[in-house]
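These notes are about the structure you will find just below.
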């Protein structure tokens, strides 16, 4: 059961549900509830981004598997540079950029943060500099690895239905609805991949080694998907699921477990503001990759889908190379501690 001091820091929303307050519910109940609610909240947020990827295959002109034009698309996306106009800025459509509004919200958020942090101790308020955070062990490699991992993952998120619609399966052109539903298989693989990567990394206690392994295995999976994914529906589903599992695993691992691990370093341990800086650097760098990947795919796809897959493979390779040194350090530490070595005498 929750102790009195623990009950005082419960979420204010529980005041509307007295039966959920301790001692009516145990700590395990609240932990499970937080996990379930967080999962469905993020799943709903991710699902809300899916329609925009399906719309891509509707706005632009589509061709059948034989190369004949089936639909002309919608202006201004139906021209030869239509794919360039799809990942569009507000200014391009005649809307005013919400710069002032963003500044007001940022200022308000900073003031609120100051008020909330005022109750913390002086040690927890001690922040570290931006450059100092970059110099912490593992921050830069994992940040840029997440940059390339998110670049690949979000390119698939926003372009996979468009790719399925334009390439077809087994020589047949897919409808917009079928292409959208089929692309969800990639997301299902990503969910399982994130869970599997977390389990493996916890088992061997090596985040970088796990990430590098998944990244290197995703390269042949993408090659196989590009080469054989369109042969039949079965091969498409199987290779798409495998690609999603391997591609999304490092991205999921770095944004969760790795960020938490870096926060336990002696230089920032127990310092909430320093931990926030490190987490913001990692996640922010990854967000840049998430925005850049779909943008590049729009331009590169005009040269053919082989060029797009080449970009994805090169990005994955760079992500793996960025973690090689960190992975070597992890392996060396485990071997020095006697782990990962099977002792026949035991």
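The backbone N, Cα and C atoms fix where each Cβ goes, glycine too.
Under the heading domain 'Major facilitator superfamily (MFS) profile', TrEMBL lists 138-346.
Here TrEMBL flags 28-47 (among others) as transmembrane segment. Non-local neighbours of the transmembrane segment (28-47) in the same chain are 20, 187; each lies 6+ residues outside the stretch with a CB under 8 Å from one of its CB atoms.
Sequence annotations record features per position, and here TrEMBL assigns transmembrane segment to 139-160 (among others). Sequence-distant contacts of the transmembrane segment (139-160) (same chain, six or more residues past either end, CB-CB distance under 8 Å): 49-50, 52-53, 56, 87, 133, 183, 186-187, 190, 208, 211, 215, 218, 240, 243-244, 247-248, 250-251, 254-255, 258, 262, 278, 281-283, 285-294, 296-297, 301, 308, 312, 315-316, 318-320, 322-323, 325-326.
What TrEMBL records for 180-201 (among others) is transmembrane segment.
Here the transmembrane segment (208-225) has Cβ contacts under 8 Å with residues 138, 141-142, 145, 149, 152, 193, 197, 200-201, 236, 239-240, 242-243, 246-247, 249-250, 253-254, 258, 309, 312-313, 316-317, 319-320, 323-324, 326-327, 329-331 of the same chain, all six or more residues outside its ends. Sequence annotations record features per position, and here TrEMBL assigns transmembrane segment to 208-225 (among others).
For the transmembrane segment (237-262), the residues of the chain that approach it from at least six positions outside its boundaries are 136, 138-139, 142, 145-146, 149-150, 152-153, 156, 160, 182-183, 185-194, 196-198, 201-202, 207, 210-211, 214-215, 217-218, 221-222, 224-225, 228-229, 278-279, 282-283, 286, 316, 319, judged by C-beta separation under 8 angstroms. The annotation transmembrane segment is assigned in TrEMBL to 237-262 (among others).
Residues or ranges marked as transmembrane segment by TrEMBL: 274-296 (among others).
The annotation transmembrane segment is assigned in TrEMBL to 308-327 (among others).
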